[in-house]
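Input: a single structure, listed below in structure tokens.
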Amino acid sequence: MIVDTSVWIAYLSTSESLASRWLADRIAADSTVIVPEVVMMELLIGKTDEDTAALRRRLLQRFAIEPLAPVRDAEDAAAIHRRCRRGGDTVRSLIDCQVAAMALRIGVAVAHRDRDYEAIRTHCGLRTEPLF
């Protein structure tokens, strides 16, 4: 399962949220956790100091880092955005569209705390694990 940035942020903030507990449980159970390159990028820019970035990099490298399929994921992300807009929902983040395109391409769900993924689920058939 792909874990979106929104879930990682909850986990890294050590909150007692549903998302934080869910990810902690998956890690403890040694479940498959997929980290898209763009999610890794977002998490590495989240703090300005290099020590925190290095800690996050080491944490994320324990999991499956999934590369983008450059042209295919870009085209599919644009199509997802257009389809959602035609359906009356504007996805706020193109990175969410890229993550969704990757998830659809590799056949996995996305765990998230972001309403954009539910719009994508509605219009594009993305499998999701909402953790609000």
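Cβ from N, Cα, C; glycine included.
Here Swiss-Prot flags Asp96, Asp114, Asp116 as Mn(2+) binding site. Residues annotated as Mg(2+) binding site in Swiss-Prot, with experimental evidence given as evidence: Asp96. Under the heading domain 'PINc', Swiss-Prot lists 1-121.
The DSSP secondary structure for Asp114 (Mn(2+) binding site) is coil.
For the recorded Mn(2+) site, residues Asp96, Asp114, Asp116 set the reference point as the centre of their Cβ atoms, and the other residues of that chain within 8 Å of it by Cβ are Asp4, Ser6, Val91, Arg92, Ser93, Val99, His112, Arg115, Tyr117, Ala119, Ile120. Using a 10 Å Cβ-Cβ cutoff, Asp96 (Mn(2+) binding site) registers 27 neighbours. Summarising the environment of Asp114 (Mn(2+) binding site), the number of other Cβ atoms within 10 Å of its Cβ, over all protein chains shown, is 22. For Asp116 (Mn(2+) binding site), the count of additional Cβ atoms within 10 Å of its Cβ stands at 23 [all protein chains shown].
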